[in-house]
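The Na(+) binding site feature in Swiss-Prot is assigned to GLY77, THR80. Under the heading transmembrane segment, Swiss-Prot lists 5-25, 39-59, 69-89, 100-120.
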Amino acid sequence: MKWTFILAVAAGGSLGSVARYLVGIGFGRLLGPKFPWGTLFINITGSLLIGLFAGLFAIRWNLPQAVRIFLIVGICGGYTTFSTFSLDSFYLIERGEVAAAGAYMIASVVLSVGALIAGIQIVRVL
């Protein structure tokens, strides 16, 4: 484990998190709180961004690993972890593991929402 990688994640994560917060606030003010438009926008644009980075790293950009970590794990991860979920799903599909990709996508959504509900219920009981 290199400290430069940890610092790259921390720096990128802080920028991505601030961007997520500002976008969420902006959409909330613009469209109101009835539907999570900001979150939807963040998840879609974060997935697009990580796809662009992954594609550029694979075919065009020869950047140091710390810069790649800063952009993908840091900025994209801070902006939305949904982008990482999307990239992992794509990699499974690209490797021909379509059933595993489907199971991963369904399990991720269902189990994550289930875990959230469980967490809320635990707090309510306490």
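Cβ coordinates come from backbone N, Cα and C, glycine included.
Owing to the predicted nature of the structure, the values given are computational and were not obtained by experimental measurement.
Sequence-distant contacts of the transmembrane segment (5-25) (same chain, six or more residues past either end, CB-CB distance under 8 Å): 38-39, 41-42, 65-67, 69-71, 73-80.
Within the chain carrying the transmembrane segment (39-59), a Cβ under 8 angstroms from the stretch's Cβ atoms is held by residues 20, 23-24, 27, 68, 71-72, 75-76, 79-80, 82-84, 86-87, 90, all 6 or more beyond its ends.
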